[in-house]
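Listed in Swiss-Prot:
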BINDING   H429, H433, D505  Zn(2+) binding site
COMPBIAS  661-692  compositional bias 'Low complexity'
COMPBIAS  698-719  compositional bias 'Low complexity'
COMPBIAS  749-778  compositional bias 'Low complexity'
COMPBIAS  812-822  compositional bias 'Polar residues'
REGION    658-854  region 'Disordered'
TOPO_DOM  1-5  topological domain 'Cytoplasmic'
TOPO_DOM  27-112  topological domain 'Extracellular'
TOPO_DOM  134-854  topological domain 'Cytoplasmic'
TRANSMEM  6-26  transmembrane segment
TRANSMEM  113-133  transmembrane segment
Amino acid sequence: MNRKTVFRNVLLVAVVLLVIYAFSYFSNDTRDFKTVDTSVAISQLDAKNVASAQIDDREQQVRLWLKNGNDATDGKTQILAKYPASASEQIFDKVEGAGADKFNTTVTQESWLTSILLFVLPMIILFGIFFFVMNRMQGGGGRGGVMGFGKSKAKQLTKDMPKTTFADVAGADEAVEELYEIKDFLQNPARYQALGAKIPRGVLLYGPPGTGKTLLARAVAGEAGVPFFTISGSDFVEMFVGVGASRVRDMFEQAKQNSPCIIFVDEIDAVGRQRGAGLGGGHDEREQTLNQLLVEMDGFGDRTGIILIAATNRPDILDPALLRPGRFDRQIPVGAPDLAGRRAILRVHSQGKPIDPNADLEGLAKRTVGMSGADLANVINEAALLTARENGTVITEASLEESVDRVVGGPRRKSRIISEHEKKITAYHEGGHTLAAWAMPDIEPVYKVTILARGRTGGHAMTVPEDDKGLMTRSEMIARLVMAMGGRAAEELVFHEPTTGASSDIDMATKIARAMVTEYGMSAKLGAVRYGQEGGDPFLGRSMGVQSDYSHEIAREIDEEVRNLIEAAHTEAWAILNEYRDALDLIATELLERETLTRKDLEKILAGVEKRPRITAFNDFGGRTPSDRPPVKTPRELAIERGETWPEPAAAPVLVKAGAPNSGVPNGGVPNNGGLPNNGNQGPSNGYAQPSYPQPSAPQQTPQPGTPDYGAPAGWSAPGWPPRENPSPTYPGQQSGGYTGGQNPTPPNQSQGQYGQPQHGQPQPDQGQYGQPHPGQQAYPEQPHPGRRYPAQPDYPVQYPDGGPFADPNRGNPSGENQWQSPTPEQPQTPPPHHSAEDDGPSTARWDGPDGSR
């Protein structure tokens, strides 16, 4: 409650009290009489000093108008005295015998209205207080005041609110393009309806926290040009039974009155959680609310013109009935940005801030792999706060570097005092991590190593990937195991006993090894089997109270395989440190003197360290002998072998406005329909142009004679076999060309990397949390065509009347240079998984020091 509201309430109470006092004052006709004792009034009656008298029987008082005032009445001639009910006859006799000129007796009787008011008024006051308290508990009761418990709390955005557009969104270009189509459908429905297209009824934005799901919804609100209602999923859950379902009904009734419109439900997992039996046979109020939401989204009634946009970071717990097409037709993953996205986000958040021209934002974008947009905004803000703390005027490279360390590891513990021996142990511990990682061939080089205490760690070593990756091989995971055990091995090698500082390293190594055995099938003994399926009661978090789906013998073998992996990594780390003991001592000496070493320093110190061979102890394929035949080469590698120049990616995708000439074929491009005859259409009906080849090196496609031998038995056939020679038609979001060798592109609307379905054994530390939420989605891979080359740049001439979401040249770029690029074969679309010893760093691998806490 603010100060203005308090002042208003106090003033209202004061006015009411003043009115009551004024009413009682002016309605009292005895205010001119002096109240005296009963004995004084009787003495005046006995002295016959009374001119007139009036007896008020109900009030049991007598009014006397005296002939002369005296000392007993303080000179007043109008006096008032009270008397008991038993003395009424005596007072009447006294007045009658006083010889007054006149006297009167008034008997006041209550009216029926007064009696009713005296009975009802206290009840009205009590009910008023009750409803006031309930109104305060319900936050105003929503629409309808006190009786509006069942009314919707959805708020309609007005023109006075700050407007966010798609130009303010950076690092989520695919999500922007998907949502822009909805905005274009609302503003230009004719060209979609001419093709029989229907607008998506629901759009689900899912992904980890801080990636911009709510920001995308605000951008849709600023661009749509239709009524926009926003509500939180928790607003449906109240203390009364049935309130949630009633609010859902009222929200959609409100939306129908403003159709066409958009409803945005933030954190829909609060109401859309998967239904279950309930514990103890009880009733869950969320189920009733969810059932009403399902009916309103796609039930018997009409819902034309209402688009529901929802956001969640827990798609795995949503009810399958809520995710089916017809309710949420489009499910858009919003993951962590890639390198180009991080560049754009840093440009947006650094706009308007005095950044030093020598500050390397490009390098900062490379060092922050896996960070979300919120993390990057926090990095820039922390750098500004650090600069202000030091009374600086320009944000320098050092401030940006320190801000990254603060966001990843926490603030420095400058006041911590440690002994020289503990400092030496920390130096060797972090040096062991660094040297082990430097000698392994399948791990990113160490970017920074420090023994400064930060957050809950006594030191850490960071590895930064050179580029974004979405896959991890077995040798890479073993290399991370070796790095994790490097600190423990250094303590045992130098000080002949381990310390508690390696607890977080052991925890990280155990997680990696167990994931290799149980999730990724990287154990030759147990095979490619997933042990420990996710499931269980949704009310128990899907993991509590659920028995393992494997036997005790398998559990014992899993433990043995995990231990063997960690022991092999421990032995390898010991061998590396023992072989390069001089380099380990040199790293420890430099850390004791300088406390922090960067990659440039490490390159000088570890110049003589050679890469170790890959560990093959666990590469047991059984009777399956790997082939010596190398994999096929990419179109880029083939072009380089032929001496041709591979074209650089274009600066931006081609966005052609409706009605523009030659909208189906870009200028200077060669129409390509896969060698099939032209049917007369200017372009594909889905709005995506066929890929074009740079001239004059476009390949000539020649038919392949005969049918290739696929190794099927003679005379054997099946539906769809043998495969057709002609390529299958493409689908929206797919590339028309495929990699030589038949690697399938990613299906549309399917997330890659960390928050999508893994491809070809992609590691997933928490695959269920941000996996594909809809189990019924299918991929439609494209059949490779012989002779087809991968295009240099995917070309999307989407015909939007206003030029599309990327028509603004200054979008996400304060300098005015348009650097947005659609993904290419050389530009991965997803960030690599985090390689962190404690599994809490958002961007880099951190191997903590021996402080005993992590």
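Placement of Cβ uses the backbone N, Cα and C atoms for every residue, glycine included.
This view paints the features noted in Swiss-Prot onto the structure.
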residue : record              : Cβ within 10 Å
H429    : Zn(2+) binding site : 34
H433    : Zn(2+) binding site : 35
D505    : Zn(2+) binding site : 26
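Each residue in the topological domain 'Extracellular' (27-112) gets a DSSP state, and the totals come to 26 helix, 25 strand, 35 coil.
Reduced to three states, the DSSP call for H433 (Zn(2+) binding site) is helix.
D505 (Zn(2+) binding site) falls within a helical segment according to DSSP.
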